[in-house]
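Worksheet: the structure to be examined is printed underneath.
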Amino acid sequence: MNKPVIVALDFADDFECINFLNQFPKDEKLFLKIGLEMFCQFGYPFVKSLRDRGYNFFLDLKLHDIPNTVKRTCEMIAKWDVQMLTVHASGGAEMIAAAKAGLDGSVTKLLAVTQLTSLGQTELAHELQVPLKSQDYVTHLAKLAYDNGADGVISSALEVPMIKEVTSSDFLCVTPGIRPKSAQVGDQKRVATPAQARSLGSDGIVVGRPITQASNGYQAYMNICEEWNK
Ligand SMILES: O=C(O)c1cc(=O)[nH]c(=O)n1[C@@H]1O[C@H](COP(=O)(O)O)[C@@H](O)[C@H]1O
C-alpha cells in the first residue's frame, strides 16, 4: 500500500461533507476516514455511497467489547470492502484475535488503537492510573496487538520507531495527531508535523481539522501531501 494521507471526515452533516469532497478534482484518489460522528448519524448507506465513488476507506469505529461481540461485528464489516478498521488494543488479546478472525477472508486491515493521541503522560497517570511511561504503555499495547494478529496500530508518530522495534518493520503504524507547524493543536496532545511523521517511519497519516476546517480544504490537503511526500 502507498503511504496515504487519510482525511478524517468528521462532519456534523452529510451536505457539508459532500460539499467538502466536491472541492477535490474527480481523479484525486482520496483515502477517507469515517469515524463515530458520521457513522452514528448516517450509518453504512453513507459509507457505501462514498465507497461507490471509488474512494479508499478507513472505518474508524474503535471497537471495544467482549470477544464474541467484536467478532460478530467484524464478520459483518468484513463484507463492506473497507481498507482499514479500528479496535482498541486495550480490549485485550482475546478481543484482538477475535476481531482478526471476524475479518478473515476480507481486504480489511485490522488496526489497534494504542493510547489515544488526545491523552498525554498526565492523563495516563492521573486519570487512567496506568503506572507506566506513555511510550512503554504504547509499545506494550502495540506488541499485544502484533502478537494477536492485528495488521498494525494507531499511535502518535512520535512512537513509531519504538513500535517497529518491538514488532516488525512491516507492522503498520498509522498516525493521527498530525499538525502542520501553523495549525492549532486543539484537543490533541502527542502531535507531529507531516514531515516529522514521515521521517519517523509512519505508514500513513490521519488528518482532520487542519484540512476539513481550512478555508480551502483542497489546498490544505495538497500542502500536507507535499510536506508528507517530500
Ligand atoms: O483512530 C483514530 O483515527 C484516532 C486515534 C487517536 O489516537 N487519535 C485520533 O485523533 N484519532 C482520529 O484521528 C482524527 C484526528 O482529527 P484531527 O485532530 O481533527 O486531525 C479524528 O477523527 C480522531 O477520531
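Positions of Cβ are set from backbone N, Cα and C atoms, glycine also.
What TrEMBL says about a protein is an automatic prediction, not a curated fact.
Look at TrEMBL and you will find 4-224 tagged as domain 'Orotidine 5'-phosphate decarboxylase'. Look at TrEMBL and you will find Asp10, Lys33, 60-69, Thr117, Arg179, Gln188, 208-209 tagged as substrate binding site. Per TrEMBL, the feature active site, for OMPdecase activity maps to Asp60, Lys62, Asp65. Annotation comment: TrEMBL describes Lys62 as active site, proton donor.
Recorded features from TrEMBL, shown on the structure.
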residue	record	Cβ contacts under 8 Å, 6 or more apart
Asp10	substrate binding site	Gly35, Glu37, Met38, Gly208, Arg209, Thr212
Asp60	active site, for OMPdecase activity	Ala8, Lys33, Ile34, Gly35, Leu36, Met84, Leu85, Thr86
Leu61	substrate binding site	Gly35, Leu36, Phe39, Ile77, Leu85, Thr86
Lys62	active site, proton donor	Leu36, Thr86, Val87, His88, Val113
His64	substrate binding site	Val70, Val87, His88, Ser90, Gly91, Met95
Asp65	active site, for OMPdecase activity	Thr73, Gly91, Met95
Pro67	substrate binding site	Glu94, Met95, Ala97, Ala98
Thr117	substrate binding site	Ser155, Ser156, Thr175, Pro176, Gly177, Gln188, Lys189, Arg190, Val191
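Only Asp10, Asp60, Gly208 of the recorded positions listed as Asp10, Asp60, Leu61, Asp65, Pro67, Gly208 bring a Cβ under 6 Å of any atom of ligand 1; the order follows the sequence. Per-residue confidence over the domain 'Orotidine 5'-phosphate decarboxylase' (4-224) averages out at a pLDDT of 96. According to DSSP, Asp10 (substrate binding site) is assigned to coil rather than to any helix or strand.
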